[in-house]
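A.B. asks: The structure's right below; bear with me while I get my questions together.
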């Protein structure tokens, strides 16, 4: 069993979770961050990394991946510990200001406060419902792409009709031997520009598109070799492949959060807007996972919540009645924590 000790455990490494690291770091508090996904960024990284976001202050037009990169650059100063591809199963309140957070890998984090920044909950891929197909998972069947070189010079079949399926098909066709995109219809839930580009590449014979659904698979010597695709009119067609990428989207699930004895409102965690503390003292919730009257599910709202939560947590952990507001432009204490040096004379010159 792996054991870690920190001031605050943050559940969720999406944009709000990353900003929570920074805000707690400004207060001099250490963090361990747990996320069920294998990389930081939450939905921004997993679902729409190349899509533009227009409502982040001072970033009028930035890709989701760029927002995450900037947030990480800001948070990395405080050297957080990450536990990725780990799902929190249990939170035990040992005493008023002491918790043990346990993951499904039996990692234990001893901390003095917990922040739930889990977005819509833990994400898991929507899987291909075909008996016995799962035996090829992570060898020839993939629900996410982490190493594009694995597909170089291979015959790749991509299933799906959303942004991820279109974007990866367009990317893979540059290096794969062949790419065949399969979707149940010609109605896509993806950017029109991506759909148009896909059809353009099909006309240029650089990739293919086929309407239909997978009805069975073929294998030889324990290797996946092909799929049978059934069209709407019942016609079967067999396609050969080396690799299969299934991008049906991600399914958010609250999972164990439902069992943590927190007061809920329609699958969201109720919080006090003064501190963003939940119904359990010492456990906080920020971002899309929380609820209060007037709640808006916006990244910038989550940033505001993370800042206020950090002050409240610091007052609890440091046992102070009220933490003063220290400005990053002028506070020597904050400058020391940020690892920057500024003198009053330099700022006034």
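Each Cβ is built from the backbone N, Cα and C atoms, and glycine gets one as well.
Values in this document were obtained by computation on a predicted structure and should not be read as measured data.
Features from Swiss-Prot:
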type: BINDING; residues: 35, 43, 48, 88, 123, 288, 329; note: FAD binding site
A.B. asks: If the FAD binders are 35, 43, 48, 88, 123, 288, 329 per the record, what's the largest distance between their Cα atoms, in Å?
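C.D. replies: About 38 Å separates the two most distant Cα atoms.
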A.B. asks: Could you say whether, by DSSP, residue 288 (FAD binding site) belongs to a helix, a strand or a coil region?
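C.D. replies: For residue 288 (FAD binding site) - judged by DSSP and reduced to three states - the answer is helix.
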A.B. asks: In sequence order, what residues of the same chain, 6+ apart, have a Cβ less than 8 Å from the Cβ of residue 123 (FAD binding site)?
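C.D. replies: Listed in sequence order, they are 36, 37, 42, 43, 46, 250, 251, 252, 253.
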A.B. asks: Here the binding-site residues are 43, 329; which one has the lowest number of other Cβ atoms no more than 10 Å from its Cβ?
C.D. replies: 329
A.B. asks: I want to check the contact list for residue 288 (FAD binding site): same chain, sequence separation of six or more, C-beta distance under 8 angstroms. What comes out?
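C.D. replies: Listed in sequence order, they are 16, 119, 120, 268, 297, 302.
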A.B. asks: For the binding-site residues 35, 48, which Cβ has the most other Cβ atoms within 10 Å, all shown protein chains included?
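C.D. replies: When each Cβ's neighbours within 10 Å are tallied, 35 leads.
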A.B. asks: For residue 88 (FAD binding site), list the number of other Cβ atoms lying within 10 Å of its Cβ atom.
C.D. replies: 26
